[in-house]
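What Swiss-Prot says about this protein:
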type	residues	note
BINDING	22, 23, 82, 286, 355, 362, 363	N(1)-(5-phospho-beta-D-ribosyl)glycinamide binding site
BINDING	114, 155, 160, 161, 162, 163, 164, 165, 195, 196, 197, 198, 203	ATP binding site
BINDING	267, 279	Mg(2+) binding site
DOMAIN	119-308	domain 'ATP-grasp'
């Protein structure tokens, strides 16, 4: 039996978000729908989820002592990480002391860096992956590239949204790629993964929910990336029944091995009927923002339902749908959005995240569309995103 209290009352059910970006904002909204008290934490003030939380705190989430202090102050029933850059050893301690880390502290620690999850997938679960080597110095990095061969990809073991990632075609790129990887790591300079390039037809995110009533799958989400950042996503991605079966089998093994209740974003390469594991996030995925318009329960609603111990039942997908990011480039601490009236309409929506500032290129919103086909939905979403004029 799940007992939920009322926010701001003595018996409130309290959820603490560690990371308060646009994904955390949607999780906070879903918590609010159930009367759950929300505490938003991030490294900067006025982050998107803080706008819709009951309270907020600004801390360095890589500082275990600071993390413990805010947890002891707020006494949350659920700690919900939204990002990788968190003091995961402290999360493990807090979980051992009885706190509920979503989906569990082990999953957060393993997926905090690419090494933990790659070794779990390839070496423990024996799942198909790309070839890979790890390196923690430039000389070992060069040896790893020589072993893997060209082309290959280098990534910091801990980063997100493509930061520090380079597609390497020749030896002339090595020095610059190493330096960029050292700058792009979420916890500073350090270890990298060098991966062989996988030949694939397309990539998918298989949003997978581990809940009290079993494992559930959303329809596969296709996506297009530039420099490691997602530009558009769509649902459903067409694939063969055998490939879908294999994708679900891989995703099921991964989420059950990680443990805990919640939604996981399982990234996979698909080539014909073959499926290769890429990465997993133990939380809602940015490409899954399409589910805000494509499903009866968005990935955020599913995450909240699962970690609160509620059954999922089933997931209804409405048909072809797409998302396209609003990704301006400017510098401002007073951003405005013009021409919004031309970005919305029948079966056409936008979300503006409310980020307090921009310095360069930053994702500030997303357009969402449905249509008779996925191709048309993508075009509608891209057109809508292009209509929004960002100024500052």
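Any Cβ shown, glycine's included, is placed from N, Cα and C.
Here residue 267 (Mg(2+) binding site) is positioned 7 angstrom away from residue 203 (ATP binding site), judged by their C-alpha atoms. Around residue 22 (N(1)-(5-phospho-beta-D-ribosyl)glycinamide binding site), a 10 Å sphere centred on its CB holds 22 further CB atoms from the protein chains shown. Taking the Cβ of residue 195 (ATP binding site) as centre and 10 Å as the limit, one finds 21 other Cβ atoms among all the protein chains shown. Neighbour counts were taken as the number of other C-beta atoms within 10 angstroms of each residue's C-beta; across the binding-site residues 23, 197, the minimum falls on 197. Ranked by how many other Cβ atoms sit within 10 Å of their Cβ, the binding-site residues 362, 363 place 362 at the bottom. Within 10 Å of residue 279 (Mg(2+) binding site), as judged by C-alpha distances, the binding-site residues found are 114; the full candidate list was 23, 114, 164, 363. The most densely surrounded of the binding-site residues 114, 355, judged by C-beta neighbours within 10 angstroms, is 114. Here the C-alpha separation of residue 195 (ATP binding site) and residue 22 (N(1)-(5-phospho-beta-D-ribosyl)glycinamide binding site) works out to 29 Å. When secondary structure is read from DSSP and collapsed to three states, residue 195 (ATP binding site) falls in the strand class. On a Cα basis, residue 267 (Mg(2+) binding site) lies 20 Å away from residue 22 (N(1)-(5-phospho-beta-D-ribosyl)glycinamide binding site). Cα of residue 286 (N(1)-(5-phospho-beta-D-ribosyl)glycinamide binding site) to Cα of residue 267 (Mg(2+) binding site): a distance of 11 Å.
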